[in-house]
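Below is one structure; the comments refer to it alone.
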């Protein structure tokens, strides 16, 4: 077996070493992942981020080195985290960062790390949402923390934090932070660390028998934190910091004082706050400086705690100054952001084989982001390859749930290099080519560069290189420091690049110079030709919401090389060449383009472009191009043989002195306002002009003169949608056509996609990707449905979710979680959500959603706005409102939405009491199906009125108009609706649209009064028609309480029935205040009989005056149709008369359930006294309202009160337990009204005493054995503690005591009665040296009831030393071996013996004399032996001996005639029975002296013996009543058969010592 164990252990170690995983570089995994890889080690400098892996089971040890991290994260609200390490042989060693975070999740998470040991010197974070209770347990057997541990919840729940193995110990020398958490102590706590409770957290010391180090600190960091300590008889001192501002310190029992001590006390000199419950207390070292008058007793009823009524103390003042320990100064950091949880982009290279069988290498951008549910998906944009003539490009957009593992590449080649965060420096570059061998040298960069499109863009970017066929100088241009730019996911900018790198967020900057060539770029000297890289590629990608992009062109002319640093913080790029083709929505038809920009000292600059007649660039809503101006005089010219004159103005932006040059023409048309980024500013006037063009392609070279003004003027170009012109709107494309291309998927497969491509010159951009080919009737729809699923065990279950249907193909998009209970309430409400379109763009939709439990179903989707401007819509919704008193209520009404602005138009009145009996009419928006006359089914939406089970359609909404992209005549010919108004007159040349909305108006009645009405209004043009008028606010009545300021300035609280009509309140009835009586004031209170709390009304007793009372009740009502229903309300009773005051409205299924019940509470009166009141409470959800307060009733003069109490009860099976509940007291009569249920798994503490053996040496050398007391107790957790009492040896009196003994095991208790005897075993007092021997726990020996002082004993006894006394010259020796206990009236206190034991009366010596003839006389003192038997044993004694008298030879026993001094054999001694006196034969009873003839010469005895009258009476007691105890005073237990004997109790010293010793131990 030993060999097998060793082999198994060796095999286990070998298996873990083989399966070990070592993380050496940053790694990100998303989706399902199996962590059964053995030991996991994360090396320094590396991190492992696991995202949306629902179950993470660690099967081996976990080691995180310094500067390393392990992150397990959930970003989905529907996905929880289950992280476990359950191997008892595994360890956790953290020197870096461990972070488990599921705070976005709406479900419960579990972090359960067991293992052999846990050592933390770094930082550990555990976070959950708190919507449902979560498990956070770090229960390793060996547990040590010297770093930071932080536990977070978004809101507090009943879940607790558990640290260490229960009943074990933990060592904390670091910081443990709690946020909305409860830490429940289950171990002893060592070390000098700190527990910090913050944001409504509680530290709960649940077991003080497990000691807490006096150097451990507890810090209450905010006003809602608290600490609670178990209250038992073993107090400790707890160091508490930060006590004040309303936070709480408490114990687990109500705070009650006794005769000598108050419920709490504070010592200003020591800083100790003592909280007491009668005899038990706990001490808290809160420090000095507190004002005792600011303490108050409160109740800590936080979630996850045993709620103790009035068991805590709060301090209303600020925290006095006190230095915090070093461990409490360790900052409680927030949960760090895990790598990979933010959307990111990176470039990748894909090598495939084309149709010709040749390898094709493509480069693209991978965009990783999440949808609205937190699910990850990726989209890839492929860059097109370059071509010398015409080139085509494709933009591949693939969307799929991401479950990829991403690692950075160490290669310097263009490859897949995603970073660990949202930034990306690695990218790729498509170099340009030239047909001339002496052409320009392609520019180079220190890193591969590429264009990274902005995250979330609805359009992809493409790059088309151009080739230069013109000769140019060979001055190579290099870019030593590639510029980089990162577009965050929330922004929308365009990005233009020419062999540049985009990575971190920064603007592209190229230094500029004046007349001397001071550029950092190498340039050719004194060359009049343009210095270029052979060509420059540009890519543009702009989502519809883009606001700004910058474009920088750099001149490498020897005269001047300058660019103005760009101040834009948006995406920007650098063009390190002077030859370019621009694909910024500008048609450049010539594939050969060469432009040169020169700059001189006089500030003039010229650029020629033989490639296109369109040398001006339109500024669109998606992108704008920025040219630097290097002239000192801010003037430049661009030559182009065109008839148009364009002006360029420069507008400096922000403090970085970037000049934004925008080209505009002299034609005026419609204008638009440019948008700028948040960090740029325009300090000059701006004029708007329009650019139009009659031709976009000219075969002959043309020039255009462009002049630039100073920095005080700016013109922004806009385009009108004329023929072949450049448009400023995002939907006006230069050329669009449909094409097909191949896409390489992530799994390497090649698929064909089709879509709409935009062509601008030689630049192609994918606008739309079509879904897979379907028939003309295959329409993709999404709907909610239910289906059956066969589980792995063969069972069939039903699931529901959202399914996408395309033709005959169905795809499950979302599966709803099953309802948690059968009573889930279905509600409908209006909301807004995000949808990811097929092209990867994200749009926002609104509609009506049905919620049942945690399941959501989309009922109606509102049509999107038809124009680009904000459209005002109105819909019905529900929201929460915080009232002036801080309470939260729910309101419903009609809300107007304009863009992102919401305005409340109408607030619906709450349900009223008048609508109880009758059906309530409500109006709401819904969707239904209609079967048309041709049999087809269509869906309509509108406003429906519901009255009972009847529905009436009030308004039917117009169906949305769906237009194709190129159908410009589609849609209503209306102008845009102003987003700032609810309705607007249509333009004069447009057809008016009829719309319906809810509004409020005032009406003047015939009597001149003005009232306000609300309803649904139809608007057609400027004509308004009222369709529906809402009913006015109804009047409702309910019971409430309010405060009133009396004439003397005092504030009183009144209760009564209030009528509410709209926002108007009227008091109908004011309840009489309750009469407060003292307990003994029998004349106080109304002279009425007691009202039974279980009935709604009761007859008043005769002879009493009837008092009118009001209370809540429920009754049954029969309708006119014979149906029966139940109503509730407030009933007034006067004598035997009942009147219904108020009928409560019935509760609806969509709201909280309203209940009413009787309760008792405490009220602080104006004089500071606390009184108890009872009444009827109305509970709706978490809100409580006092409906009626009962007046104290009297029964024959006695006052009836109700209060909460705790008592001890013996159940029918003999079990003794402690119960709590509400007790009613009337005079001296007490009745139990309510018994609180006991918490599940309650274990009662047990205290049991056992005897132990002490041995002492008497002065005469004898050993005296006594029994001591061993106290064995168990706490509420069942943990046994054993303590042996110290027994003094100071008692030398003989007393007896009778005790009633109660012995409890768990919650079963037994009672018996016994008698104890104390006596002195040693004649003199000597110091005792004791040794104890535990009698064992097999049979309980003794215990003492703390309340009564009674002792419990059992039936085992040890031998006692004999005690010798002398009586009448005879020595009585008693046997010392016994199995039972006995006392006798003999002074010797002899103990009983076995049946063969006997007591001996020793014979004395004697002499004789006589004549020689054989006769004579003599005297002797020979003793007689009396046999003594156990009074409980009827058998005769044996072994009786008689010592022979000293006589002449020949004497023998038995004696013969003749001689004297012979011993006498007593008769009857062997048959002494109970209560019998032994007799001796020979004529005398019990002789002590024998005289007679002596033995003469020759040995003949002569003479007759005679007996003296000296006698010894020996009597025996048959009934035993106690036990013998030693001089130590410790009781020797008696036999079980003697239990029940009683006699008077003497207040002996030894009993006092026993009680003192036991209570001192407790």
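A Cβ is built for glycine as well, from the same backbone N, Cα and C atoms used for every other residue.
Swiss-Prot records N-linked glycosylation site for one of 679, 1475, namely 679.
From 101, 190, the position flagged in Swiss-Prot as N-linked glycosylation site is 190.
From the options 1359-1390, 1455-1486, 1487-1518, the stretch Swiss-Prot describes as region 'Disordered' is 1455-1486.
It is 1404-1424, from the ranges 1299-1319, 1320-1340, 1404-1424, that Swiss-Prot records as region 'Disordered'.
Reduced to three states, the DSSP call for residue 190 (N-linked glycosylation site) is strand. Residues of the region 'Disordered' (338-366) grouped by DSSP class, helix first, strand second and coil last, total 0 helix, 18 strand, 11 coil. In sequence order, 169, 170, 171, 172, 213, 216 are the residues of the chain that are 6 or more apart from residue 190 (N-linked glycosylation site) and have a CB within less than 8 Å of its CB.
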